[in-house]
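Inspection log for the structure reproduced underneath, given as structure tokens.
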Amino acid sequence: MKTLLLILVVVTIVCLDLVCCSRTCCNQQSSQPKTTTVCPDGEKSCYKKSWRDHRGTRSERGCGCPTVKPGVNRECCDTDECNN
């Protein structure tokens, strides 16, 4: 009986983690004022990409953890507004 109860508790926690709690990520570009967005259901990471061009260092923030081209730095994280 104790084993069944423990299994039920673990399954409940896992299901709540999958369904609950959308991530909030910063989504401002370069030197713009801070803005945030609530990510789509199931998206649990934020990213910050940065690169240099003729305008200087540029940055982009958002939800997820995209692949990047060579020369672009990417940082991914998994707490709210961790990509500021």
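Numbers run from 1 along the shown chain.
For all residues, glycine too, the Cβ spot is worked out from N, Cα and C.
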Inset, instruction - Going by Swiss-Prot, tell me which one of CYS15, CYS20, CYS46 is disulfide-bonded to CYS25. - result: CYS46
Legend entry - Disulphide pairing with CYS82 per Swiss-Prot - partner from CYS76, CYS77: CYS77
Legend entry - Selected from CYS26, CYS39, CYS76: Swiss-Prot disulphide partner of CYS63: CYS39
Inset, instruction - Consult Swiss-Prot and report which candidate among CYS26, CYS65 shares a disulfide bond with CYS76. - result: CYS65
Legend entry - Separation of alpha carbons, CYS82 (disulfide bond) and CYS76 (disulfide bond) (Å): 9
Inset, instruction - Would you mind sorting out which of CYS25, CYS39, CYS46, CYS63, CYS65 (the disulfide-bonded residues) have a C-alpha within 10 A of the one on CYS82 (disulfide bond)? - result: CYS25, CYS46
Inset, instruction - Using a 10 angstroms cut-off on Cβ to Cβ distances, just flag whichever of CYS25, CYS46, CYS65 is the loneliest among these disulfide-bonded residues. - result: CYS65
Legend entry - Cα distance (Å, whole number) from CYS39 (disulfide bond) to CYS25 (disulfide bond): 7
